[in-house]
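Visitor: Dropping a structure here in structure tokens format, bear with me for questions.
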Amino acid sequence: MGKKAIQFGGGNIGRGFVAEFLHKAGYEVVFVDVMDKMVEALQQNKSYKVTEVSEEGEHTTTITNYRAINSKTHESDVIQEIATADVVTCAVGPHILKFIAPVIAKGIDARTESKPVAVIACENAIGATDTLHGFIKQHTSQDRVESLYDRAQFANSAIDRIVPQQAPNSGLDVRIEKFYEWAVEKTPFGSVGHPDIPAIHWVDNLEPYIERKLFTVNTSHATTAYFGHFRGKKMIADALEDEEIRGLVHKVLEETASLIVAKHDISEEEQKEYVKKIVSRISNPYLEDKVERVGRAPLRKLSRKERFIGPASQLAERGMKYDSLMDAVEMALRFQNVPGDDESAELANILNEQRAEDATIHLTGLDEEHPLYPAVLERVRKVQQGTK
């Protein structure tokens, strides 16, 4: 019997990143989703194309050997698929993990295979698999929790690939940048060994990869979007053509780089090269990436462990500089009432209805004693007062 992977989430990252590399590694991919149209499209089309875009041109891969199940209407089928799978991955958004955990827990519990299934969450969040693992344990009966690890192994991952907004008529096909990084911790697999997926870079310690990626790629991307939006830019590449915005992005990245170099075994030179590569990637006009797409979901992006407060709080704790990160936070706070983005409307409501102190705690998760709190509070007040 061939290798089988269950991929929760049939969106652009699920199809254009995770499934592409599972397919190339020889897995049959079973997509699981709750969106009727997505499941039907995957069921009705036996292939789709992933086009990698770079300055050198385009390269297209055809993805085949997949199926799709609607977990809303066919939960028992999903349970059976997980019971006989080699790998379970997901790309659903960190806030959806709690909703997919119950069916994954049932699928793991139904396993009789001697080899445990590998569970890898592919989300833009630190410790996403740990989070999913916690929810799965909550949905596993107490007498089965101890033997859970005979049936499943859980490994955190760091993913990095820019997926721009897709053309409205693209269907299942995905345009995506050529560059990617997919790092997964190998220690949880112990003597059993990790799955055979050549695209994955298996590492002993994932934290440096996750923080370097989140605090460089995601921080710079969002900083560009928020400054770009404030200055009326439509595309990320256009925003970075503006020398002032580019300079502001580099100042933010100097601060996050100082944290990465101080905290992890990464040299200044290596981080400088990484920053150069990242800014070049997000400047790529061929990606046709919109400012509003990159800036969407500001509440999540302003949260405690995310791309701004995450590094700024650690810099504050170390007594290091974080002024430029606060400029980026201010721009994120100004990303309000953007059409099609519910979080930007909710952000506007929070800032309109709550006192600055309450809004700061609500948005960032910082407590009043934290050394970063006063600096964020100052920016919240400034935005609430409507001063530029």
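Backbone N, Cα and C define each Cβ position, glycine as well.
Sharing the feature lines straight out of Swiss-Prot:
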BINDING   ALA5, ILE6, GLN7, PHE8, GLY9, GLY10, GLY11, ASN12, ILE13, GLY14, ARG15, GLY16  NAD(+) binding site
ACT_SITE  LYS213  active site
Visitor: Between GLY11 (NAD(+) binding site) and LYS213 (active site), what C-alpha distance do you get in Å?
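Guide: Distance (Cα to Cα, whole Å): 21 Å.
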Visitor: Would you mind reading off the Cα separation of GLN7 (NAD(+) binding site) from LYS213 (active site), to the nearest angstrom?
Guide: 23
Visitor: Fewest other CB within 10 angstroms, which one of the binding-site residues GLY9, GLY11?
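Guide: Checked GLY9, GLY11; of these binding-site residues, fewest Cβ neighbours within 10 Å: GLY11.
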Visitor: How big is the gap, in Å, between the Cα of GLY9 (NAD(+) binding site) and that of LYS213 (active site), rounded to a whole number?
Guide: 22
Visitor: Please report the number of other Cβ atoms within 10 Å of the Cβ of the residue listed as 'active site'.
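Guide: Counting Cβ neighbours of the residue listed as 'active site' within 10 Å gives 21.
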Visitor: So among the binding-site residues ALA5, ILE13, who's got the most Cβ atoms within 10 Å?
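Guide: Buried the deepest by this measure is ALA5.
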Visitor: Express the distance between the Cα positions of ALA5 (NAD(+) binding site) and LYS213 (active site) as a whole number of Å.
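Guide: LYS213 (active site) has its Cα 26 Å from the Cα of ALA5 (NAD(+) binding site).
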Visitor: How big is the Cα-to-Cα gap, in Å, between ARG15 (NAD(+) binding site) and LYS213 (active site)?
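Guide: Cα-Cα distance, ARG15 (NAD(+) binding site) to LYS213 (active site): 21 Å.
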Visitor: Specify the secondary structure state of the residue listed as 'active site' as given by DSSP, simplified to three classes.
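Guide: It is helical.
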